[in-house]
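Contents: one structure, followed by commentary.
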Number of protein chains: 2
Amino acid sequence: MNPDITRERENATFDVEKLTHILDGGIEKTKRRREIESLVISDPDFQSEDLNFLSRSERYDAAVKKSAQMILKLREYGISDPEEIYCYKSVFRGHHHEALGLHFVMFLPTLYTQCNKQQFKKWVPLAESFKALGTYAQTEMGHGTHLRGLETTATYDPATQEFVMNSPTITSIKWWPGGLGKTSNYAIVLAQLHTQGKCHGLQAFIVPLRSMNTHIPLPGVVVGDIGPKFGFDEVDNGYLKLENVRIPRDHMLMKYAKVEADGTYVKPPSAKLTYGTMVFIRSMIVGEAAHALAKSCTIAIRYSSVRHQSEIRPGEPEPQIMDYQTQQYKLFPLLATAYAYKFVGQYMNQVYHRITGDISQGDFSELPELHALSAGLKAFTTWTASAGIEVCRMACGGHGYSRCSALPDIYVNFVPTCTYEGENTVMMLQTARFLIKSYRQASAGHQLSGIVSYLNESERSLQPQSVSSRPTVVNVNDLASLVDAYKLRAAKLVELAAKSIQQELQKRVSQEDAWNNSAIDLVRASDAHCHYVVVKLFAAKLGEIGDTGVHSVLSTLALLYALQGIQQHSGDFLQTGLLSVPQLSQVSQRLKELLAQLRPNAVALVDAFDYRDEMLNSVLGRYDGNVYEHMFEWARRSPLNKTEVHESYHKYLKPLQAKL
Amino acid sequence: MNPDITRERENATFDVEKLTHILDGGIEKTKRRREIESLVISDPDFQSEDLNFLSRSERYDAAVKKSAQMILKLREYGISDPEEIYCYKSVFRGHHHEALGLHFVMFLPTLYTQCNKQQFKKWVPLAESFKALGTYAQTEMGHGTHLRGLETTATYDPATQEFVMNSPTITSIKWWPGGLGKTSNYAIVLAQLHTQGKCHGLQAFIVPLRSMNTHIPLPGVVVGDIGPKFGFDEVDNGYLKLENVRIPRDHMLMKYAKVEADGTYVKPPSAKLTYGTMVFIRSMIVGEAAHALAKSCTIAIRYSSVRHQSEIRPGEPEPQIMDYQTQQYKLFPLLATAYAYKFVGQYMNQVYHRITGDISQGDFSELPELHALSAGLKAFTTWTASAGIEVCRMACGGHGYSRCSALPDIYVNFVPTCTYEGENTVMMLQTARFLIKSYRQASAGHQLSGIVSYLNESERSLQPQSVSSRPTVVNVNDLASLVDAYKLRAAKLVELAAKSIQQELQKRVSQEDAWNNSAIDLVRASDAHCHYVVVKLFAAKLGEIGDTGVHSVLSTLALLYALQGIQQHSGDFLQTGLLSVPQLSQVSQRLKELLAQLRPNAVALVDAFDYRDEMLNSVLGRYDGNVYEHMFEWARRSPLNKTEVHESYHKYLKPLQAKL
């Protein structure tokens, strides 16, 4: 054990184990999680080669192998609880993705929810036995977030009772679905349904892609891998061009909408049902943001405690880089953010499960709010976490750039969350739509409830109007007071966005153009709303914590989170008259004090995330702090070191020397 | 040609070609640059396979091949002007790096400047004929920016008149030098000189690494590749462990310091000489920041003009995504930043060459200012450009994540500039040191000249003290007035940082601790100083432009750049009383107008950067806008598509299906 890191742990002022229980949701959950992790880590099949040293084809091969192993092992161990499966897989996969990911996340769930009885009987057993390896083909080369724009067609032919599937244009080629390129033999394809000369919009169809015996693509199916990406090396994101592919009528998923034998289209009863899945996936992504940032902080903070560099006082030994105020200022607010997002993730998960109960009883009342919240929070957390991972990486100096730090991997595999499952700016504007609607309702005299109740007239009338007209009431040392300040900022920025739309309308532009011409303000309002929710939930979490030591350190983190957000957005708080200039100086001063106060607990706070070395897979983030020996050992395994002299020397350098 | 992009070009209000000449520094320079580019692009040897489809070893192989080719071709064509060589190489290399990069950038220049006459005669011909392939081994596993911390030793043995080179600890292993792993047979090694029982600090030594005949590592030399990184795949960044390697006395570079035969150490005359190289490299990096951001904007803006998505007005066709205000707000300020950095790069280059003349005549007076400025601007521009590349990438939605966009490559190969040649935070603090020193001189009554003259007492007394005491004079529509505002902000933040140090000192902490406890404020002050310099230089450039159309569009860009910086740092401007709250609303409103105003010129403005398709190597950034056909064609070339059925199907999936 590196003595620096041992000393850090000795200096901690709270019980790390207790904090871990809080993060897991209880001592029993921690215990079970650790059991599952040990199951993976002690498994000889887990000891695979470092993916960093493999080619993309080898990485894909390794991922398929892992997916197959995981399926067999989960059955062998009888793990069936979704949370436990998730835990098992995330250890097994590391920072990477599952080759059969979409089979589990989209193909199976869609079959469960959208098959009618006969379809269920036929397809679910095929999918659960992996005879049908499936993916979900929605996005097209020319079409992403805007579903109505999809071009793939399914034209019903009553003569043969078949659908004829086509990709009529180059932009209609399905593009990006995971597992589509090489792995899947089936896809659920989203296509525009045409029957009896009319288009009835998007429906889902089961399309066979490859022979179930030979895995060779079927006639009319042009399928393949879309090529290398920033990350996701192990996933065969694919393309699919359909050329008059005929499928039987019962390959359209018919639980809701139907096409009868003669081609008559029967409408579905309600459209709101698909909301739930989106909310669920987005709330999962918030959890992933917490996870990615927590891992990155673990690596950067442990490394900062063993890395010595430069000098603060001349003549003294080089200090730990964590002693630099600038290093603390980079890392500790991100650490606070990781904790904040962990708690937001817990909250969203709870709300989702509660509301799901309501939905199954036909009560959709809370869904719009949750839908709007999940969209904004997904964007808010993924943007911050992505940028934060890179800050952590660069805080490790040059070594952060090495793949042995694991930080490049964490970044490239997390950052697509900013674009997938709803592009972030579009998500922010969805939340803004809900906020503006709520604001207008409140202005029209309706009483709002829930998280947007701060938009009620009665609340807004309490807001400060300008610096001079009213004394500032925010206490920068009191978290509750800061939560209030965030709330008032959000209210003010929603109001500003609404007024911007109003001003545009007065110029006689259309509603839609007024919206677009105010989009910067709308995103800003959503951002403030999400920030308020995060600060509020972090503060609320403190109320649940009994242990004094843990409560104290988390309170410091929460205060740091709130104050740093104020400093970063100080313009908003000054502009809206919520803070005065002298208070802002207090905020800066207080922030510095909080950094110094957190310094002794930094390593313990990342230890509490409880990532085992095998999960971090980072030489810089090792628990024992013995970084350099292992970096050397890792480097020696680089494929370029397999030979003493690389062939390029004989091919190019020696001939060059001879020529000159 | 895609009709959307043709229409964009038709709508431009200025002469693209004229702007290109300004960027190149004159019509003749544009002509010559294009000649050189054509030389590369029409060369059959340039038509190499897409690196994205190769393994790392293959990429390294391809890079060595290219380096060898480039050397022969430059001689064949008689290109010897450094700027022209730079141009030739940057087309040939694409977004990637040169396998022999450090041979040219560090090994040769160090020989030129630090060899004495005999050494020069021996080593320069060997290096220029590539018999000696060299690198520059400075950083060690445990030591980066802080040079005094380096541990490698060179101990003089008068008995044999040799130096004994050693890596005494694991942390002393040389780590990161480019070309060290496999390519180089020599290295200039920085080591602590020990002679006659005393350490005399760092000196440079020529150390043979590999046999000049067989390229096999010599006894005592443990050398290899440090393994895969975030980018730089084609470079063999290496490690070097020296185990009692003996080199003759004349392998120490002895132009300045010397060790005599008996071991007597002779001090060098001056230490300031090394400043120049650092300044040069950092000003080059500023140019690289402009380059990387300009390429990224070209890709994202062209793609935004051909990509259609979602709807602004219901029932109408999907609009070009560049019509969304949020998209404009992401991209146009970055476009303005790219232009700003181009002009800053030009300025630094000019100043460097002017000052170099002075230095060669023994006049070092301007060097400290330039050194401080180059440090801060290197950090300021590389941070913004790195973040900006990612904004451009994500503004391309999902397709930005594909390697076919080229944006991942641009990012990973540019972002290490934030850490190398001086870690950015350290750089900012170096600039801050100069600013604080200047501030103190001014406070002590000295009259400052040059770029920090705004810190003079007389200037500072003109600053507004608070919102109420003095009317605000900034005109948000006038660039000169905004330059003033940036200047006053910088002055105020330097003052704040100086006062923070003062307050710390009053708590009786040491100078060094006071400095560290104020580091956040110091970085903030440097940032404001650099921002002021950039805005000022952009504004100054406008004065040189005669053409009305070009002047008009660049003025809009400059105003956008200045106003967006104010919006992002609105807290600073409010806090220092430079702007009032109503003015800030004017800034927001004006920004929106400027975005709309730039919209018709956006494509023309990136066209003016004049990157040929072969240099961008981006499917999304193609000049003709025909994105989708080429994306499909590119994808089909993915190595995973070489076989219809990947071997992993037979190895893992079929057996899995059989088992269940």
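Note that Cβ sites are derived from N, Cα and C of the backbone, with glycine treated the same way.
Caution: TrEMBL annotation is automatic and unverified by curators.
Since we're looking at a predicted model, the values are computed, not measured.
The active site, proton acceptor annotation in TrEMBL covers A:E421. A coil conformation is recorded for A:E421 (active site, proton acceptor) in the three-state DSSP classification, outside any helix or strand.
Under 8 Å, Cβ to Cβ, and six or more positions away along its own chain, A:T139 (FAD binding site) finds A:K174, A:W175, A:W176, A:P177. According to TrEMBL, the feature FAD binding site maps to A:T139, A:G178.
Here TrEMBL flags A:15-132 as domain 'Acyl-coenzyme A oxidase N-terminal'. For the domain 'Acyl-coenzyme A oxidase N-terminal' (A:15-132), the DSSP-based tally of helix, strand and coil residues reads 90 helix, 0 strand, 28 coil.
Here TrEMBL flags A:136-245 as domain 'Acyl-CoA oxidase/dehydrogenase middle'. Secondary structure counts, DSSP: the domain 'Acyl-CoA oxidase/dehydrogenase middle' (A:136-245) has 3 helix, 51 strand, 56 coil.
According to TrEMBL, the feature domain 'Acyl-CoA oxidase C-alpha1' maps to A:275-436. Across the domain 'Acyl-CoA oxidase C-alpha1' (A:275-436), mean pLDDT in this model comes to 93.
As annotated by TrEMBL, domain 'Acyl-CoA oxidase C-terminal' applies to A:478-656.
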Residues near A:G178 (FAD binding site) in space but at least six apart in sequence (CB under 8 A): A:H97, A:G101, A:L102, A:T135, A:F232, A:V235, A:D236, A:N237, A:G238
Of A:T139, A:G178, A:E421, chain B-adjacent recorded positions (C-beta under 8 angstroms): A:T139
Chain-internal residues, separated by at least six, CB under 8 A from A:E421 (active site, proton acceptor): A:M278, A:I281, A:R282, A:I285, A:K378
